[in-house]
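Straight from TrEMBL, the features:
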type: REGION; residues: 1-62; note: region 'Disordered'
type: COMPBIAS; residues: 1-25; note: compositional bias 'Polar residues'
type: COMPBIAS; residues: 46-62; note: compositional bias 'Basic and acidic residues'
type: DOMAIN; residues: 110-257; note: domain 'C2'
type: DOMAIN; residues: 572-694; note: domain 'MHD1'
type: DOMAIN; residues: 806-917; note: domain 'MHD2'
type: DOMAIN; residues: 932-1057; note: domain 'C2'
type: REGION; residues: 1098-1120; note: region 'Disordered'
Amino acid sequence: MSTQSESRDAGNNQLQTPEQNQEQGIPQKFSPGNVRRLGLTRKMRDRRDLKEDENPEEKARRHKEFELKPLYKELLYTITHKMGKPSFTEVFTDSQLHQYIKEAFTMTESEHRSLMEIVQNTEPPVHCLMTTVKEAKGILGKDVSGYSDPYCLLTIMEDEEEKRARRAKPKPSKSVVKDIASTNKIYETDIKKQTLNPIWNKTFVLEFGEIAGASFHLEMWDKDEDVSLTQKLEEFKTNFNSLRRMIKEAKKEKGTDDFLGRISLKLQDLHCTEDNWYNLEPRTETYPDRGQCHLNTKFIHKSRDGTLSAGCNAYTNYCGILQQFVHAYISNQQSSAPWKGALCGEAQTLLELYATQNDLSPFLQDLAKWVAYSKLYQSLEVDSSVLLQQLTSIEYHWHQQELPYQQKQELGDSLHGFLQHGLYLVSKYRDIFPPTPRATPKLRALLRILVQICKTQAFQKLNPAQFELHEEVCEAIQTGTQEWFSIKKGLHQPMTKDLSEIVSALSSLIREVEEDIKHNKDTWNKEFVSAVQVDAFTVVYQKFDSLLANEVRETISLMEGQMDKPLAKSLFPVYLSLQSIHKDKAFLQKRGLLELTNFHEDFREALPYWLNQAFSTTQDRVEKAVQVDQLQPLQSGAVPIKHSSSAVDLVACIQPICQLWEQLSWPDPEEAFMLMVKLTEDVCKIVVNYCHILKQRVRVLSENSDHGCAINMLCVVVNDLEYLRSVLSRLPTQLNWVGLRERTQNVIGESQFHNTLPLQLQQSQSILSREIRTALDTLGKQLNTDIETHVRSMSTRRRIPSKSSEDAATPLMHYLEQELQYMNENLVKENFDSLLTPLWNNSVKILHQVSIQHPQQEGLMVFCQRLLYTLQCLEQCFHAEGNGLPLNILHSGDEYKALKAHLTHNSLNTRELMEKFFEKKIMEQKVFSGEKYGAVTLLTSYRRSDQKLRVEVLNAVNLLPMDSNGFSDPFVQLCLEPNHIFPEVEPRCTQIKSCDLNPLFDEAFEFMVSLEQCKAPGACLMVTVLDHDTLVTDDFEGEAFLALKSIPGIAGSKQDGADGLNSQTDATPAQIRLPLMHPKPNDDSILRLLESRKGEREAQAFVKKRRQREKQSQEGIQPR
């Protein structure tokens, strides 16, 4: 029976259109053009039936008559003879479908009726159900081996035919196909041996009449062969479990096949195309689960009338219908969004019916969609996902099936045509895909489509010649860049040959190129790199580099020997644009020699004009700023701005000169250094000139102003100059001298660099400093005079006893507070501090002069006390709790130190001076080194328990020989000083050691003194070593001073109580070696001061005693 079937093997991958089913011998070869590059072989087919000079109305009429009407008739035919349910969810009636195609094809009612009449008079097609039996799974095992040998029987029966067949049978039949259907309508698959999961992939075309009442039947049987008894016994031996099945086989008639299951489907319930698994139904309920069978069904037309669209096959018609439906859908859309592949339900239904009836494979349908959509992309806005989806489908089908030769050629031409169109769009990407968020994704989508085309197996097979998309895209970008540049150059072509107009045109062209390079760098390049790995920025930059270099050279050559100020000014924007473009080379992925590398050389002649223009412009602005300046602080209040408007304007005017340096970015290091020298010199000139015209402005405004206003304006001027000095100090940073030094270190020496630029700045800053000092001196001159007046008024004899120190200093302090507060409010801190320093020094100088010019000794101490108090008040005033001058500055001057010592000593009484004297001696003892006059060793301690100071004189060493025999008769005298602290303590002396320069005394002495006495200022143990003489005064060997505070037991410790006493323990005695000293004659200022107090007996007695000791001293004797 299978030999009678009109079956087709689904395993055959050769796809054919329905009109080619009977054709044979189609040549399977590719286009001869494949031996060359794609772009040179394939040409777009220009199928035109109309002449170029044909009018539009005639052209539209012919298009409708010869292209649309045949397609329209095909659709009417499809609707008239439609079978099965479309897959679209909504069901459309014939009238709805007619109405839709009438609108889509713009047919009138009369045209529709006329064409409908033609279709109704055509021969109807033969209705067929193309069924592919693919496979089955889980079927019953009917053989003794547990498997089956399945095969399928298929047929279509209509109700009347089935009823007649059933009545002809004597008894009811359990099978339809085998027992009831006509033998010539039964189709049979081949037999699959010993399996429960058979695979057939067999296709059958089953004809039928009317779909109503017709049903499809499939029965699956197990084929049984005649076998011998011996073979059955062998099977029995090997499989005892098959006994039951063998018994059943014995009862069955020889050669009878076993029923495995059946499928019955009403045709009117089927869709146009179905691909499903169906359960195999049993005859009885004995084995309800009989497995499943996989079927693919499709309603097709056989012997379809070919006169409706003569000369066009079903595939071509499908393409035309699809394009017309898409055009109709897009024309009815109100939005301007890209078309995303959507069609209305009527269009989808008709396309499915037509493709199914004409047996168009999914591959051919996807191919038709690709061809149609790719053509639409060239005229309408189609979303890229639509094309990518079709490319993916074609790539999938390409591996599954093979296209007919004609469709292969069409696919190859379509892919090539789209590539050519896509590359054309790439060359015009600036105009078609502007750098906007909405347009640039479309460029990326186009590039992705081009990449996908080149990746497909279809393209590689149909166009096997070497085609590098990367190179083609680069070439398209270069071509487009060249065309774009030519167009822009034409738009900016100068109308005359005037050099200024030529330069202006070049400047406009370069600005457009600069903007285009920026867009390529920031926007377009990302799309090219991500999609096709093409660095579009590098391609474009290198192309523009060559084009601009030629343009600049040609333009500059016209100006040779004709440079002037206006021409140089017009060239500056050109230089800036080229500089900006040249800086973008840092973003190039591939570095090479660029023609614009040394473009600055063409502008050397214009450079001096640019510098002079910047200088003169800035100078004019500064002069105008000073002319309108009223020399008033810009802002007062919580955050005051103490300089005037011209200072701010000056900084703003200088800024363009600094910007000029950045704009020029002169590449040559040596020339850049000279350029920096010139710019720095210009800035310094402007600053110095500002000082001069600002002074002139002060004179003009001060002529009719009072003294207070003049002082205020002078303060503002000082602030302006200080503000300007701070601006100058920042100039090296603004001009990036450090970076310039790094660039020029190989061509400019270190000394040359630092002796040029910093020197210029230092000279300008010194001028500013001098002007500031002059102004501050003017402000401080009156202050110094008033301070001197107040200080000298304190020295009059008349006022000394009448006023206290506080009252005497009050007028001066009130005056200073008022004046300094005014200056602080009107001067910036730097200038205020600069004013304070000379004012302080001058105040100290005045006080010093007044202090040493006191005419009489009487009242000197009171006067010095008053001046010392004044000095202390001045310190507080000038220090201002840390807001004024630092204390180290106030105390650093030599004159201050001399004044402070003079006033301090003269302010003390006699006893206080004595205490200072001994404190001074104690300090001298501590720092005295060497034993030039010998030394004495003591063991000292203080017992707080009985308030006794114990001093043990151990020995003396290296004493001077005072007698004629070369020896001395030494003894040690111990005395507690100052005498007014220890009035009741008598001096103590050791025994005399005859003829000994290193005597050993070993004598102890105790002094009854209180702890308070020992801790008094200047309290010390004066140790005097004398040489005993009988007839004359004892000779002086030397003296030493030991501070009582340092003796153990007197110095406080952590164990001491709150009262500083600890009666429980006594301190351990400490041994100390004291070098002997000799006083320097007339060297002590305290003694001189005491000596000047003639009327004080105590002072004179102390001085007399010390002077006698100085006479005995050998410190002033010159060695022989």
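Placement of Cβ uses the backbone N, Cα and C atoms for every residue, glycine included.
Residue counts of the domain 'MHD2' (806-917) by helix, strand and coil are 93 helix, 0 strand, 19 coil (DSSP-based). Mean pLDDT of the predicted structure over the domain 'MHD1' (572-694): 88. According to DSSP, the domain 'C2' (932-1057) comprises 7 helix, 55 strand, 64 coil.
The residues of the domain 'MHD1' (572-694), classed with DSSP into helix (H, G, I), strand (E, B) and coil, number 88 helix, 2 strand, 33 coil.
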